[in-house]
Each structure stands twice: as C-alpha cells, then as structure tokens.
Amino acid sequence: MRLAVNIDHVATLRNARGEFHPDPVEAALIAEQAGAAGIVCHLREDRRHIKDDDLRRLRAAVTTKLDLEMAMTEELQAIALATKPELITLVPEKREELTTEGGFDIVRHFDTLKAYLQPFRSAGIEVSLFIEPDKQAIELAAQAGADIVELHTGLYALKAGEAQEEELTRIGNAAAFARNIGLKVVAGHGLNYSNIAPFRNIVEIEEVSIGHAIITRAIFSGLEGAVREMVALIR
C-alpha cells in the first residue's frame with residue numbers, strides 16, 4: 001500500500017501569519033524523500049490554505065505524483081487543465097466546513113459529470129472521485145468515466161469497537177466491488193497512526209491519503225520522521 005501525503009495544513013499554518021513559512025512545497029519535497037508516493041493538495045474555492053502559486057510551484061517540484069483535490073467548477077477545471085497534475089480528485093466543498101465532511105454527491109451531479117471529466121481524460125489526467133463506500137456511488141463513478149475512487153473513511157475514523165469493525169467491513173466490501181468493475185481504489189479522511197493498521201488487510205486499496213495526522217505528528221517528531229513512520233505502518 002502506498003502513502004500520499006496531503007500538505008494542506010502546512011499552508012494553513014503559514015497562512016495563520018500571512019507570511020511565507022512554513023512552505024508547503026518544502027514539506028512536499030521532505031515527504032517524497034521520506035517515502036511518500038504522492039503529494040495531495042486541495043485548491044479550495046476560498047483559497048483558505050493552498051494558493052494558486054502553491055499549486056504552480058508544487059507542479060514544478062513534485063517528482064512522484066501530484067493529486068489536485070478540487071470542487072466541480074469551471075474555474076478549477078481550467079486551472080487543473082493548465083497545471084496538468086497526474087491526478088485530480090473531485091471533492092464536495094462547503095465554505096462553512098473546517099474540512100471535507102463527506103463524499104462527493106455523485107447522484108446529484110451525474111448528468112453533467114461525464115462531460116465535465118472528458119477534458120481531463122483527453123489531457124491524460126487521471127480522474128478520482130471522493131465518494132462514500134457505497135455500491136451505487138461506485139457504479140455511477142465508473143459510468144461517469146472515473147479511473148479511481150477514493151473511499152471516504154471519515155465514519156470509520158469516528159467510530160470505535162464493533163461499530164468501527166462494521167464500517168471497516170463496509171469499506172472492504174466497497175473496495176472489492178470497485179476493483180471488480182475495473183476501478184483503482186484509494187482511501188482517505190481521518191486516518192491516523194492509531195487506526196491505519198487494519199487497512200493493510202484490504203488488498204484492493206492501493207493507496208491511502210493522509211494529511212492532518214502526519215502534520216500534527218511532525219510538530220513533535222519532525223516531518224521526515226512522521227512520514228517514515230506512517231510508511232512503515234502501511235507496508
């Protein structure tokens with residue numbers, strides 16, 4: 001299983017002072033050096049953490065894989081096509097939320113989704129949809145032309161005991177179903193050093209996307225050490 005590191009919260013910390021440090025690009029390079037297989041950033045409509053210039057510099061610097069998380073808007077479509085990350089991930093977005101709170105509503109957007117994704121496919125940019133671990137959502141993602149589904153693990157992260165085991169089973173079943181219909185499978189949201197280990201047993205999940213847990217651990221142990229620790233946990 002591979003690790004993709006989300007560096008949004010490095011930008012959040014920088015923006016708290018309105019200055020230049022810590023630099024999310026430097027964080028991305030350290031994460032790659034420590035074993036990350038990809039870098040994730042979310043260019044939100046309100047630009048609350050990652051800025052347009054960050055995205056340009058990340059594109060120039062990242063040598064593994066750049067995954068641009070984005071809302072389904074014409075503005076961000078144009079930016080993504082101009083930037084050419086290896087991968088874009090469509091996520092839901094609400095201005096009032098602190099972080100992404102759930103999966104992309106594929107049922108609501110399905111009628112326009114295929115046309116929206118076509119330019120990315122033509123440009124050779126892989127497309128991922130951040131969705132709930134739900135069979136209908138996975139089927140619609142495949143029909144819309146997605147290459148990858150990122151299964152939302154937020155509920156798993158919030159639960160404990162038997163309820164968490166049930167959610168893990170739901171995620172595992174969803175991953176198997178997605179793989180069987182030809183989709184690549186990744187997972188993310190709320191994963192941390194305490195709850196990640198069971199995902200090593202879900203062989204269909206190729207990659208996990210983790211940000212907040214790594215950045216908070218890095219405050220105490222350093223970023224390179226925090227990334228190396230997570231890489232070791234998922235191998």
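Glycine too: its Cβ is placed from the backbone N, Cα and C atoms.
Positions annotated as active site, proton acceptor by Swiss-Prot, on the basis of sequence analysis: H42, E69. The active site, proton donor feature in Swiss-Prot is assigned to H189. Positions annotated as 3-amino-2-oxopropyl phosphate binding site by Swiss-Prot: N6, R17, G190, G211, H212. Annotated 1-deoxy-D-xylulose 5-phosphate binding site per Swiss-Prot: D8, H9, R44, H49, T99, in sequence order. Feature annotation from Swiss-Prot assigns site 'Transition state stabilizer' to E150; the stated evidence is sequence analysis.
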Separation of alpha carbons, D8 (1-deoxy-D-xylulose 5-phosphate binding site) and G211 (3-amino-2-oxopropyl phosphate binding site) (Å): 7
Neighbouring C-beta atoms (10 Å sphere around the C-beta of H189 (active site, proton donor)): 25
E69, G190, H212 filtered to the recorded positions whose C-alpha is within 10 Å of H9 (1-deoxy-D-xylulose 5-phosphate binding site): H212
Local Cβ density at H49 (1-deoxy-D-xylulose 5-phosphate binding site) - other Cβ atoms counted within 10 Å: 20
Which recorded positions sit within 10 Å of E69 (active site, proton acceptor) - Cα, from H42, R44, H49, H189, G190, H212: H42, R44
Lowest local Cβ density among H9, H212, which the record lists as binding-site residues, within 10 Å: H212
Spatial separation of H42 (active site, proton acceptor) from H49 (1-deoxy-D-xylulose 5-phosphate binding site) - C-alpha basis, Å: 8
Secondary structure of H9 (1-deoxy-D-xylulose 5-phosphate binding site) (DSSP, helix/strand/coil): helix
Proximal residue to H42 (active site, proton acceptor) among binding-site residues D8, R17, G190 (C-alpha distance): D8
The residue listed as 'active site, proton donor' versus N6 (3-amino-2-oxopropyl phosphate binding site) - Cα distance in angstrom: 10
